[in-house]
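Engineer: Starting off with a structure, shown below.
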Amino acid sequence: MYKVLLIRLTNLDNLIVNSVRTHLMNMGFEVEVNEEIFHLNAELFNWERWQYNADKLLQLVKLTFERYPYDAVIGIGEADGFSDGLNFVFGLSTKKYGLVFLSRLKEEFYGRVINSSLYIERTLKEVTHELGHTLGLGHCNNKECVMNFSVSVEDVDKKGKYFCTSCSDKLNINNKS
């Protein structure tokens, strides 16, 4: 069983954190939540873009948590992030470490009416997606698999929130879809 640590990059509603924790546990992961907030700092913020540099943040998370006994460490924050060469990222991962940026998963980011259930659903998908990357999965061609690549929030909506059979088999976990 994989051990996962969730860290808050910003102050997050407990409903979000508990929903993610429950979703991952239902998929067979052992999940712990670090209750301390891993505050984003100004050095990681690009004032011209009004976004956080995901590459630098990921390195900082890795340095901070590299001695922790987890298979994966996932940081979740109500922020907007970018990576070199990309206008934005929903998330970014390396082996063992991942980040999820929630700002663009909210309907109100696009000037639309708040939809909390859709926001939670999108969050579950993107956290699961980045977790898959931290455990060695690449993008999947199965449009229903959570590991399918998303270039827009509409793409996030189209895919499922679980790993397909092939991706589940690679991780040797039970698929709950």
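Just so it is clear, glycine is given a Cβ too, placed from its N, Cα and C backbone atoms.
Sequence annotations record features per position, and here Swiss-Prot assigns Zn(2+) 1 binding site to H129, H133, H139. Annotated active site, proton acceptor per Swiss-Prot: E130, in sequence order. Here Swiss-Prot flags C140, C145, C164, C167 as Zn(2+) 2 binding site, drawing on sequence analysis.
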Engineer: About how far apart, in whole Å, are the alpha carbons (Cα) of C145 (Zn(2+) 2 binding site) and H129 (Zn(2+) 1 binding site)?
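Structural biologist: Distance between the two Cα atoms comes out at 9 Å.
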Engineer: Measure from the Cβ of H139 (Zn(2+) 1 binding site) and count the other Cβ atoms within 10 Å, all protein chains considered.
Structural biologist: 14
